[in-house]
Amino acid sequence: MGFLAIVLSVALLFRSTSGTPLGPRGKHSDCNSVDHGYQCFPELSHKWGLYAPYFSLQDESPFPLDVPEDCHITFVQVLARHGARSPTHSKTKAYAATIAAIQKSATAFPGKYAFLQSYNYSLDSEELTPFGRNQLRDLGAQFYERYNALTRHINPFVRATDASRVHESAEKFVEGFQTARQDDHHANPHQPSPRVDVAIPEGSAYNNTLEHSLCTAFESSTVGDDAVANFTAVFAPAIAQRLEADLPGVQLSTDDVVNLMAMCPFETVSLTDDAHTLSPFCDLFTATEWTQYNYLLSLDKYYGYGGGNPLGPVQGVGWANELMARLTRAPVHDHTCVNNTLDASPATFPLNATLYADFSHDSNLVSIFWALGLYNGTAPLSQTSVESVSQTDGYAAAWTVPFAARAYVEMMQCRAEKEPLVRVLVNDRVMPLHGCPTDKLGRCKRDAFVAGLSFAQAGGNWADCF
């Protein structure tokens, strides 16, 4: 690949009973907070799968979140998904077409469906919403405040892909970080603002650990699509039948059902800058139906990019190998998707930094989490019935890769330990580590953590890509 083509900026969150439609929603304020994420309509918004706004899982953590008093953090790597966005180009066309078809064929729009008669589809496509930008500012502030013993004097080294919503998310993270620093009277006043240090182009022409595109067999895989089709055929026909009975003249496919459900989260995160107004699409569906929708999106990511796809985890191997290099301050060893040109240079891949921040997409985060073995306890998901998070060992798309998802890899030094300890937090849930012996707080010794990443060290099954 041509090095000059790399773009660098180096100088640079109901009245509900099962089966009962949801009641009307009013406005809420203070929906989003730096510490807890999105807290409005939790019975509903926590069931939006990968379209859920980030919400803290601290209360679901099997281990305490606080750092013990005899320990101090010496290294942090945050890996984050971009903030809330509008639908992709293809989904924009599909959603608008479903709504237009209903408006053309329906002979009546009773009750809660009245808004559809004159509804004008006006969502943007692909880009961050104002709420999504605020999510990333909040993430920057959270990062600064959580690790202020370091951030008062040290800037994170920041990488992103060159996709607009990803790169802008990194920029908003920087804004939130720097604003928090400026409000901190204990911070070094002479420390310059951080910046987006590296922006890596997306596409099959570039090696990029923050975006999949190189593994040809994976890119043509239909495993995820097949799983989605299987479960859609299980839960959506009954919904289509109910909606058709409510909207005389309308005929709906199962895909139309999924499209209408998706309008609920997408419009909610687009209407206001704190997502305090719930879209009227949300009340068209029952609590049970939202549970099914949430599971559908979990299946999509599990079979598309996680352990349910034979080539899913290997898409995250490159980033896992970069993490090991950063933890040990040793050169990267990888023959998958690492950009060797960038990773060989201290300017674009320093090994002596203390704080790192990488920004990517939901799909890539799923692959990376599996490459790290974080969900090794998750058995193959059923494609015919809903499984709870207790049945999936803590995996669900809304718990794993919501809008503005964040994973923290922390290394800490403790008085009673000669070797530093490592733990991983996904959306404030301290993860059970599967590849190394853990203590009662869910931590592994650094060398054991690295040794446990044998799948990544061996390059996974990258050879099956071609």
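Placement of Cβ uses the backbone N, Cα and C atoms for every residue, glycine included.
According to Swiss-Prot, the active site, nucleophile annotation covers HIS82, on the basis of similarity to another entry. Its Cβ placed at the centre, HIS82 (active site, nucleophile) has 30 other Cβ atoms within 10 Å. Annotation note: HIS82 (active site, nucleophile) sits in a coil segment as assigned by DSSP.
Counting only same-chain residues six or more apart in sequence, the Cβ atoms lying under 8 angstroms from the Cβ of THR88 (1D-myo-inositol hexakisphosphate binding site) belong to SER125, GLU126. Taken from Swiss-Prot, the feature 1D-myo-inositol hexakisphosphate binding site applies to TYR51, ARG81, HIS82, ARG85, THR88, ARG165, LYS301, HIS361, ASP362, supported by similarity to another entry.
Marked as disulfide bond by Swiss-Prot on the basis of similarity to another entry: CYS31-CYS40 (among others). Of all the Cβ atoms in the protein chains shown, 22 others lie within 10 Å of the Cβ of CYS31 (disulfide bond).
Taken from Swiss-Prot, the feature disulfide bond covers CYS71-CYS414 (among others), and the record attributes it to similarity to another entry. In the three-state DSSP classification, CYS414 (disulfide bond) falls within a strand. Other C-beta atoms found within 10 angstroms of the C-beta of CYS414 (disulfide bond) number 18, with every protein chain shown included.
The disulfide bond annotation in Swiss-Prot covers CYS215-CYS465 (among others) and is backed by similarity to another entry. Here CYS465 (disulfide bond) comes close to LEU214, CYS215, THR216, ALA217, PHE218, LEU311, VAL314: these same-chain residues lie at least six apart in sequence, with C-beta atoms under 8 angstroms from its C-beta.
The disulfide bond annotation in Swiss-Prot covers CYS264-CYS282 (among others). In the three-state DSSP assignment, the secondary structure recorded for CYS282 (disulfide bond) is helix.
On its own chain, CYS436 (disulfide bond) has CYS444, LYS445, ALA448, PHE449, ALA451, GLY452 as residues at least 6 apart in sequence with a Cβ closer than 8 Å to its own Cβ. The disulfide bond annotation in Swiss-Prot covers CYS436-CYS444 (among others), and the record cites similarity to another entry as its basis.
Per Swiss-Prot, N-linked glycosylation site is recorded for ASN120 (among others). Long-range Cβ proximity for ASN120 (N-linked glycosylation site), meaning a same-chain Cβ under 8 A and a gap of 6 or more residues, is found for none.
In this view, ASN207 (N-linked glycosylation site) is surrounded by 22 other Cβ atoms within 10 Å of its Cβ, with every protein chain counted. The annotation N-linked glycosylation site is assigned in Swiss-Prot to ASN207 (among others) on the grounds of sequence analysis.
Here Swiss-Prot flags ASN230 (among others) as N-linked glycosylation site. The Cβ of ASN230 (N-linked glycosylation site) has GLN383, THR384 as same-chain neighbours under 8 Å, each 6 or more residues away in sequence.
Summarising the annotation, Swiss-Prot assigns N-linked glycosylation site to ASN339 (among others). Secondary structure at ASN339 (N-linked glycosylation site), as computed by DSSP, is coil. With a 10 A radius on its CB, ASN339 (N-linked glycosylation site) counts 24 other CB atoms from all the protein chains.
The N-linked glycosylation site feature in Swiss-Prot is assigned to ASN352 (among others); the stated evidence is sequence analysis. For ASN352 (N-linked glycosylation site), applying a Cβ distance below 8 Å and a minimum sequence separation of six or more within one chain yields ARG329, PRO346.
For ASN376 (N-linked glycosylation site), other Cβ atoms within 10 Å of its Cβ number 15. Residues or ranges marked as N-linked glycosylation site by Swiss-Prot: ASN376 (among others).
Residues or ranges marked as signal peptide in Swiss-Prot: 1-19.
CYS40 (disulfide bond) has CYS282 as its nearest neighbour among the recorded positions CYS71, HIS82, CYS282, going by CA to CA distance. Reduced to three states, the DSSP call for CYS264 (disulfide bond) is helix. Taking CA atoms as the reference points, LYS301 (1D-myo-inositol hexakisphosphate binding site) and HIS82 (active site, nucleophile) are 16 Å apart. In the three-state DSSP classification, CYS71 (disulfide bond) falls within a strand. Between the C-alpha atoms of CYS264 (disulfide bond) and TYR51 (1D-myo-inositol hexakisphosphate binding site), the distance comes to 10 Å.
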